Amino acid sequence: MIEADRLIQPQLQGQDDVIDRAMRPKLLDEYTGQDDTRAQLKVFIQAAKNREEALDHMLIYGPPGLGKTTLAMIVANEMGVNIKSTSGPVLEKAGDLAALLTNLEAGDVLFIDEIHRLSPVVEEILYPAMEDYQLDIMIGEGPAARSIKLDLPPFTLVGATTRAGALTSPLRARFGIPLRLEFYNVKDLSTIVTRSAQVMGLAIDSEGATEIAKRSRGTPRIANRLLRRVRDYAEVQHDGAVTQNVAELALNLLDVDGEGFDYMDRKLLLAIIDKFMGGPVGLDNLAAAIGEERETIEDVLEPFLIQQGFIQRTPRGRIATARAYVHFGMIKPE
């Protein structure tokens, strides 16, 4: 598996979570990008505050690293309530979820990351909690077992997932506010890089921030990670300030090219072009050709390449587009 080794992977790695927490915006007005989502949230939050009600349950979905956890924390801050965070795989038993729910206060936010990985038993407990603010608990065992209902204070469940399609229909239907996060444009990412540099006390000019943004694959988490590595380079090889030239030299040294591709991205594209004459090629053959698991190709490598128009996924297999050929200085055969 390659995820642990890639500087440009969108999933959390190493100290990302600790460092990202210091750079996270706290309020919607500080949040950059996702304009439609931000506009919707402003309306929903203000309406809930005017009615003095808990915000409706919210599902935030999209590729990793785009700010789902950050948005959940912003929602809690804007509503002026507490937030309790957990993740789907951690909630193994119904009692795990019950313990969290019974400790919530009125209006609090319960954030469940990777909510698509909830076990069926835990999910069943969640339904009445979301719909009626009630908790069904079984007391005793065998013939003497009986069910009791506990009333819960009104709360907001914020679920986050990279795979909205993996949620069961009953669970998905209980979220009143679905929000999809999209990849960021270079302008918004550049603003994020500049803000993060200020938090770090790092001198950076607009061209340097833009250069990092262009190679960040539309993902703030990657942008912040690259910024930290560029800072290391600037401090050791230059005077500590990040300019476009310093950013280019640092990112080239890190093997992250102008499109944000690393060695594995280029290896995948060149395999389709050179070994399979541009495609179409099936996923199993492609996985064997580059020595990777098919799941890694599908979940880690492909999404960004498809989104940027370098690969087409067809019923017959993967095809390298004309843009992929141009990236390597080639012309696609007719």
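Using N, Cα and C of the backbone, Cβ positions are placed for all residues, glycine too.
Keep in mind that this is a model prediction, so the values were computed, not measured.
Marked as ATP binding site by Swiss-Prot on the basis of sequence analysis: R24, G65, K68, T69, T70, E131, D132, Y133, R174, Y184, R221. The Mg(2+) binding site annotation in Swiss-Prot covers T69. Feature annotation from Swiss-Prot assigns DNA binding site to R294, R313, R318; the stated evidence is sequence analysis. Annotation comment: Swiss-Prot describes 4-184 as region 'Large ATPase domain (RuvB-L)', evidence class sequence analysis. Taken from Swiss-Prot, the feature region 'Small ATPAse domain (RuvB-S)' covers 185-255, and the record attributes it to sequence analysis. The region 'Head domain (RuvB-H)' annotation in Swiss-Prot covers 258-334.
Shown here: features listed in Swiss-Prot, placed on the structure.
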residue: R24; record: ATP binding site; Cβ within 10 Å: 18
residue: K68; record: ATP binding site; Cβ within 10 Å: 22
residue: T69; record: Mg(2+) binding site; Cβ within 10 Å: 20
residue: T70; record: ATP binding site; Cβ within 10 Å: 20
residue: D132; record: ATP binding site; Cβ within 10 Å: 12
residue: R174; record: ATP binding site; Cβ within 10 Å: 18
residue: R221; record: ATP binding site; Cβ within 10 Å: 24
residue: R294; record: DNA binding site; Cβ within 10 Å: 14
residue: R313; record: DNA binding site; Cβ within 10 Å: 15
residue: R318; record: DNA binding site; Cβ within 10 Å: 25
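For the pair D132 (ATP binding site) and R313 (DNA binding site), the Cα-Cα distance reads 43 Å. For R174 (ATP binding site), the nearest neighbour among the binding-site residues T69, R294, R313, judged by Cα separation, is T69. The binding-site residues shown are T69, R294, R313, R318; of these, the one with its CA atom nearest the CA of R24 (ATP binding site) is T69. Sequence-ordered, the extra residues of this chain that approach the DNA site, with Cβ no more than 8 Å from the Cβ center of R294, R313, R318, are V281, G282, L283, L286, I297, E298, E302, I311, G317. According to DSSP, R318 (DNA binding site) is assigned to a strand segment.
Across the fold, the C-alpha of the residue listed as 'Mg(2+) binding site' and the C-alpha of R318 (DNA binding site) stand 33 Å from each other. Predicted-model confidence for the region 'Large ATPase domain (RuvB-L)' (4-184) is 87, expressed as mean pLDDT. In three-state terms derived from DSSP, R174 (ATP binding site) belongs to neither a helical nor a strand segment and is classed as coil. The DNA-binding residues named in the record, R294, R313, R318, extend over a maximum Cα to Cα distance of 14 Å. Of all residue pairs in the ATP-binding list (R24, G65, K68, T69, T70, E131, D132, Y133, R174, Y184, R221), the one with the greatest Cα separation is 37 Å apart.
Here the CA atom of R313 (DNA binding site) lies 27 Å from the CA atom of K68 (ATP binding site).
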